[in-house]
Structure formats: C-alpha cells, structure tokens
Amino acid sequence: TEKREALGEVLNGDRLVSAPYKLNFKEEKDSSVVCKKKLSKDEVAFFRKAVDKDYYFQMYYDDLPIWGFIGKVDKEGKTDPSEYKYFLFKHIQFDVLYNKDRVIEVNARMDPHSLVDLTEDKEVDAEFMYSAKWKETDTPFEKRMDKYSMSSSLPHHLEIHWFSIINSCVTVLLLTGFLATILLRVLKNDFIKYGQDEEAADDQEETGWKYIHGDVFRFPKYKSLFAAALGSGTQLFTLTVFIFMLALVGVFYPYNRGALFTALVVIYALTSGIAGYTATSFYCQLEGNNWVRNLLLTGCLFCGPLFLTFCFLNTVAIVYSATAALPFGTIVVIVLIWTLVTSPLLVLGGIAGKNSKAEFQAPCRTTKYPREIPPLPWYRSAIPQMAMAGFLPFSAIYIELYYIFASVWGHRIYTIYSILFIVFIILLIVTAFITVALTYFQLAAEDHEWWWSVTLFHFYPSECLICYRSFLCGGSTGIFIYAYCLYYYYARSDMSGFMQTSFFFGYMACICYGFFLMLGTVGFRASLLFVRHIYRSIK
C-alpha cells in the first residue's frame, strides 16, 4: 500500500509503501515469520548484485528513520573476488525505546547468524522473520531528533567546519585589508590629482579612470537580457535568504522529508514578483522600450533551462523506472503553481516596476560618442579576469562544499546551518570586494565597458573572447563550483551509470547557473555603488 506523499517528498524521490512488519506499541515479538519464499536463480543473482553494491533499506516508524543492510559479503581470508561468499539477511531485530506513550528511538539490527547463501545461481528457500524488543527511556519526546542532528556536530566534524570558517575569515581579512589599503591609497592620490585646478588638469596627459567619466555610465547593449539577469539573480538571492531563515529557526530538522523541496517551490513562486519588479524597473531606467518582452525573458531566464533539464532527466528516470521520475499528477501541480502563482506575481511585479518611474542615478553626464578603448594586455582579457574573480570566493567555501555535496548527493546529514550561513555571508563579501577591485583596475585602464558582456567578438582574431565585465566577474564562482562537481564525481563519489551521471551533472548545472546569476547580481550591485561613489567625489 503506497503512502500518500506531500509535494516535497515526491520531488525528493520518496515513494513510501507499507512494510509487512507489525510493531504494535509495547508488544514484543520473537522470531515472527513475515513470509516464506523460494528465490529463483534470477532473484538470487539480483540480490547478490545488490549485496555487492551495499544496498540498504530505509524505513520509518513514527517518523523515525530505520536503516539496515540487506546482506553482507564474506571476504575473510580470501583475496580472489571469485571466492567471496554472499549472504542475504533474513532476520531483523527491532529495538524500540519509549517514554510513557511516546516512541523515542528505533534501531534495526540484522541477525548475523540467520542468513541465506546467495553465492551460487540456484534456487533457495528463504524464511524472513523479525523480532521486536521494547525498552523504557528517560529521554523526553522533544529531544528524540537530537541523535540525528548530532551526527554532523561530532567533534571531529566540527573541527573541520571551524577550520573552514577560519580559512574563509583569513581570506576575507587579507583580501579586504589588501584591497582597502591599495584602493584607499590609490584613490586618495587620484582625488588629489583630479581635484587640482583646470589649468593643471589641462597640462596633464589624459590617463586614468577620471577621463572616461563621460562614458562610464553609458548604458550597455542587450539591456533587456542584462535587466532580466539582474531580476532573476535578485529573486534567487531572496530565495536563498528565506531558506536560511527557515533553516536557522529549525524547520529543516533531520528527516523532515521533503520540507526543503516544498519550501524551495513555494518561496520561488512567491518571490517571482521581486524578479519582475527588479528587472522591469532597471530596464526602464536603462531607457528600454519593450518592457513586456523583458518580463517574458525574466520569467524564462532561469526557469527555461531548469524546465528543459527536468524534461530530459525525468525522461531518463522513466526509462530506468526510478522513483526520481515525477508522476503526472505532481507535474500538473507544479505547472499550476507556475501558472496561477508565479506568472501573475511576475506580471504584477513588472507592472509595479514600470510604474515606479525611477531614473538611473548617474553623477556624470554621458557624452554623445564613446571613447575608443585602448588595447589591453592579455591578463586583462576575459578568461584571466574571470579566473581570478571566481577563484577567491570559491577558495572561501570549498571545504564546506564537500559536506553539502555529501548531504545532497550522498547519505550524510547536514544540520549546522549557522556555520553554512556564516560561509554564505563570507562568500558575498569576497565576491563584492573582488568585483569592485577588478572593476577599478578596468576603469583605471580606461576601459569604460564595465557593466557586462556588451560585445561577443572583437574585430581582432586574437581577441575573439567574451568581454569581461562586473556581472561575469561576480558570477564566475558558479563556474568554479561546477568544476568542483567534476572532482567530486570522479574522486569522492561512487556514482556510475548514465542515470546517476546525467542527474548529477544536469541538476548541478542548474544550481551553478543559479549561483552565477545570484553572485553576478551581487558583484554588479557592489560595482555600481563603487563607481557611483568615486565619480560623485571628483569635480
């Protein structure tokens, strides 16, 4: 009998069915027979393969998780894998702790002496049994989940987490100290030089960021795409903040099945108005005309790739008959949420943004014709700049990434959300500072196209690269995270086969794309504040 699942549980791949074990409250059982079965040759081979791959079962009793391996491999004294013996467990011992009328803890132990030999391809008779022992405990009901929460808070784990925090903080302090010293000293000299009287200024050779003041606030090309990226990035940033708030107040306790996925779907739908407002208002500030097309682009910029990825991976899951394949009813529910909640809020946000009539705050007038950008050395081109911009924020979070990956794609429990939140704040600070620094160096080289990728190809064959800009600088950390996926897949995980590979790289591509939009927005906003500040300070 299948259990009726909530939306988050279905998205999580949970498909619970009623187990044949009857554990009535305080009713002990001793070797009760569940069923007798003759396993065919094919079933023996099937179970042997599952035992060899360390398959285990996971059950729930009163919402408490229970695990157990389905069998074991006897390798003792044997070096040749062909000599290994494979056994299937057929007797489960349930140990249940209770306090008054409440179940506090459940454990499952497999009887090592009650086995079915699976080594040879032949029919075998199996009699599956279970026992239940009840024992009273003083642990209150409110603390019964502490056992699972503590698994990621063990001393040796905490030491690693705190090492990660200290590593990140040192990175931030060194970076911010270095940048603050350099920028303050350089800017102070710039302000003194540029603040001199006009005659002295006329005698000087025109170099530096002051002399492109008539071009630095020239609106970028592809302004609709740029505004849509900012809107989507702002929405994803808001979504992340709300998820952290729920995590810090204890909503995502261990084995609250599907709570995270439910929260992601609901909050993403409810924050779509923020994307619409941010994108359309900024698009109108950039003197854009077709705000409806901009709104459609905003709605599809993140959801579009995510939907296409989902369609492909769901088809793969259906072919493999995996529980990760969403049933038709769940797909209809998600489509209805998108149609009845996400889209209307996006439109309302867009209308509000259009009617806000905010003007772009530029402290300098823009000249009619743009200045020519001088040729730049190779290390100021797109790839080296993005590599530098993405590496430093990534270095501040990479230790914590392993635990997150092991939780999302493995079986490790992650509950230290406070440390994760600190790492997230550090990530934002490092992203903002490194983007501001690279933007300054770009302006100092008299390159006024600091917004983002305004041209795809230069006329010179040696420079056929996407231009580096503040948005790409901030978002490049997402590319580093995706590169870490390759390392994790091959060096840290035991994943194999087309389905696992496609699911891992497909959904991680969507997550890293979301990081690219979110951190790109953070980088651009920080650069915009910085550029406005320095140009407001000169005569």
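The count begins at 1 with the first shown residue.
Note: Cβ is positioned from N, Cα and C throughout, glycine not excepted.
Listed features, source TrEMBL:
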type	residues	note
TRANSMEM	160-184	transmembrane segment
TRANSMEM	225-253	transmembrane segment
TRANSMEM	259-283	transmembrane segment
TRANSMEM	295-320	transmembrane segment
TRANSMEM	326-348	transmembrane segment
TRANSMEM	386-405	transmembrane segment
TRANSMEM	417-445	transmembrane segment
TRANSMEM	466-490	transmembrane segment
TRANSMEM	502-531	transmembrane segment
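The highest tally of CB pairs under 8 A with the transmembrane segment (417-445), across 160-184, 225-253, 259-283, 326-348, 502-531, is held by 160-184.
The listed stretches are 160-184, 295-320, 502-531; of these, 160-184 has the most Cβ pairs under 8 Å to the transmembrane segment (386-405). Segment contact holds for the transmembrane segment (295-320) and the transmembrane segment (259-283), given three or more CB pairs below 8 angstroms at sequence separation of 6 or more.
Panel annotation: around the transmembrane segment (160-184), residues 392, 395-397, 399-400, 403, 416, 419, 422-423, 426, 429-430, 433-434, 436-437, 440 of the same chain, lying at least six beyond its termini, place a Cβ under 8 Å from a Cβ of the stretch.
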